[in-house]
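See structure below.
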Amino acid sequence: MAEEEGPAIELRQRKKPKSSEYKESAKEKKIDDTAVPERAPKHVLLQRFAKIFIGCLAAVTSGMMYALYLSAYHERKFWFSNRQELEREITFQGDSAIYYSYYKDMLKAPSFERGVYELTHNNKTVSLKTINAVQQMSLYPELIASVLYQATGSNEIIEPVYFYIGIVFGLQGIYVTALFVTSWIMSGTWLAGMLTVAWFIINRVDTTRIEYSIPLRENWALPYFACQVAALTGYLKSNLNTYGERFCYLLMSASTYTFMMMWEYSHYLLFLQAISLFLLDSFSLEQSGKVHEVYKIYIFSLFLGYLLQFENSAFLVSPLLSLVVALVLVKCLQLNVKKGTFVAKIMKVINFYLVCTLTVTLNIIMKTFVPHKENGYMLKFLEVKFGLNITKNFTMNWLLCQKSLQAPSQDFFLRLTQSSLLPFYILVLIICFLSIMQVIFRRINDKSLKKAVTLEDGRIGERPEIIYHVIHTILLGSLAMVIEGLKYLWTPYVCMLAASGVCSPELWTTLFKWFRLRTVHPILLALILSMAVPTIIGFSLWKEFFPRLMTELTELQEFYDPDTVELMTWIKRQAPVAAVFAGSPQLMGVIKLCTGWMVTSLPLYNDDDLLKRNENIYQIYSKRSAEDIYKILTSYKANYLIVEDAICNEVGTMRGCRVKDLLDIANGHVDCEESDKLTYSKYGRFCHEVKINYSPYVNYFTRVYWNRSYFVYKINTVISFQS
C-alpha cells in the first residue's frame, strides 16, 4: 500500500499549482534548457570597441584625405582659383560641359519648379528638337546640387563651380571609404582597407576618370554602387546578427535606388551583380532567402525608377528586370525535393536552364510590346566589335576607334604590375577560386558544409561574400579585357579583393592546409603572413609612390587654351542671341556651357537622332560639295559654322581612325578592303576648300572670325552667285 500511495500523492501534488505558476515554471525550464552564450569579458569588449573605433576612424580619414587630395590636385592642374569664370568652364570638355551647363541653368531659374519644367521641356539647347534633358541625360545630380546650393545659403559663401566639384570630390571620398569598409568586412582587419585605398590612389589612372571629366555620370553614381556592394557584402555574411542584417538591407535598398537614378547604364551593372548572386544561389552556397531579398530590392528600385523617371521604358526592357522576374517565377515553381538526392541535382540543372530561357524570352517579349527608344547602335557595335559584321557606317566606326571602347593596352597591365596589384590579385583569385571549386565538389558529393567557417577549417571558399566577389570580379574582368573603358568598374574591386585576400589569415590557412605544413603550425604562420605581407607591400608602395604623389601636388601645372577663350568671347559679344551654331559635338558642348547659345548637335551617344545629327554635321570635314554642306546645315537651321583646324588637319596615330578617313569610308571615297585605293571625288575636302574663299564656297559661306584653331563662317540666307 505504501508503494501504491507514493504515485497517488505525487499526482495530487502536480494538480495543485495554478496555471500562471505552471507557465512561469515552464518558462524557467525553457530558459534553463536553452544554451545562453557566455558574455565576453570586459577587456575583450574594450578590445573589440577599440578595433572598430580605429577602423572607422581610418576609413573616414582615408575618404576625407582622398577628397582633399583630389581638390588640391585639381587646383594645381588647372590653376583653378586664379582663372576667370570663362576659363574655368572651358576645363569642362565634351559631355561634361553639357551636364554642368544644366546645373548653371537651374541656378538661373526663378524657382526650382520652373527650372525643372524648362529642363524637362527643353527646346533651347538643340535646334528643332525638344528634349526631356532630365530623363535623357540623367540630370538628377544637377537638380540635387542646385537645391543644396540654394537651400544651404552657399551662394553667399562659395562660387557655384566650387560647390559642384566639391560635391563630386566628396562622393569620391565616400567611394574610397566604401571600398575600405568592404575590404575590412571580408578580411576582418582594417589594415586591408588601408591597403585598398593605397592601391586605389596609386592606380587612379585606371580606377577613376575623375581627373579628366568631373561631371561624368559614373563619378556621381559609382560611389553609391560601392556603398551598395559594401552593404551586400555585410548582408551575405553568415554570422551577422539581426540588427546588422537590417542595417545592411536598408543601406542596400537606398543605395541601389540612388545608383539607378544617377546613371542610365546602372541597370546593366546591377544585371552582372544579379548574375553573380544567381550563380551563388545555384550552387546552394548561401541561404536562398537572402539572395531573393536582394531580388526584391532590384524589382522595387526598377519600378520606382520607372515611375519617377517619367515612365522611362528603359527600366522595363532592362535585362535585369527579365532576369529577376525569371528567378522569382522559377522559385515559385520549384518543387520541394530532398536535398542531396539525384532528383535534386537534376532539378538544379532544370532550374538553371529555365532561368536562362525565361530571361531571354521575357526580354524579347518586353521589347516587343513595350515602346522603347533603346539605342540600336549598341547591338550593332557589339556585332562589329566581335567581328560578326562589317560596316562602313561613320558612327559605328568612330565608336570603334575610341580608345575607351578598344581592348586594354599593355601599358594598363604594366601599371598594375608595377604597383604589385595584379600579381597579388591573381594569387588571391586563384586561391579563392580553387577553394570555391573544392566546396562545389563537396556539395556534389553530398558532404555537409559548416554553417560557420572557422579559421582552423581553412575553407575560404565556403564564405558566401567571398564567392560573390570572386564571381563578380571575374565577370567585370572579362568585360574589361574586351572594352578598356570598363576597367574603371573592375580595377577598384581588384584593389579591394587583393587587399582583403593578403590581409586575411583564412586565405593563407586555406593555402597551407593544401600543402599540409608540419614544421610550422599553419594557423600561426597564416596570422604572421596576414600582417607581414601587407606591411611589406605598404612600405614598398610608400617608398616608391608617395614621393610621386607629393610631386604632383607641388608642381604647378596650367591649362592654357587661349584660342577657345577668344572664340567664346567673340560669340558672346558678336553673335546674335538667337544664333544657332554647327560644328563638332565636343565643341558644341563647350559653346552651350560658356555662351548659352543654341547648337545643332551634342556629344551624347544614347539617342539615335543625335547620333545621326553628329554624322551629318561632321560632313564639313568630308569631300562633299558646298551645296551639299549648305543643305545639311540649313536643314538644322544653323546660322554659323565652326571649322576646327585640329580635325581638318588631323594627323592620327591610328591609321583609318581620323574623322576625315572615317567620312571618306562612309561616303565611298575610300574602298574598305583596299584602303590605299582612292575612288574618284570631283570635290576637294570642304574644310580645306572653304578657307580659300572662292566660288561657289563664298556664295554659301562668309568668314566672320578666325584664329589659329577655329574658323567661323556665317551661313548666308540669301545666296549670291559670283562669277
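Backbone N, Cα and C atoms are what each Cβ position is placed from, and that goes for glycine too.
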**Per TrEMBL record, range annotated transmembrane segment [choices 217-238, 349-370]** = 349-370
**Prompt:** Which listed range (52-73, 184-202, 247-263, 422-441) shows the maximal number of Cβ pairs under 8 Å with respect to the transmembrane segment (523-542)?
**Reply:** 184-202
**Prompt:** Of the listed stretches (52-73, 184-202, 316-337, 349-370, 422-441), which one yields the highest count of Cβ-Cβ distances below 8 Å with the transmembrane segment (161-178)?
**Reply:** 52-73
**Request:** Grab the same-chain neighbours of the transmembrane segment (422-441) for me: Cβ-Cβ under 8 Å, and only residues 6 or more beyond its ends, written as numbers and ranges.
**Result:** 283, 285, 413, 416, 449, 459-462, 466-467, 470, 473-474, 494, 497-498, 500-502, 507, 510-511, 537
**Fill in**
If one takes Cβ-Cβ under 8 Å and requires six or more residues beyond its ends, the residues near the transmembrane segment (316-337) are 267-268, 270-271, 274-275, 278, 288, 292, 295, 298-299, 302, 306, 343-344, 347, 351, 354-355, 358-360, 362-363, 366-367, 370, 372, 374
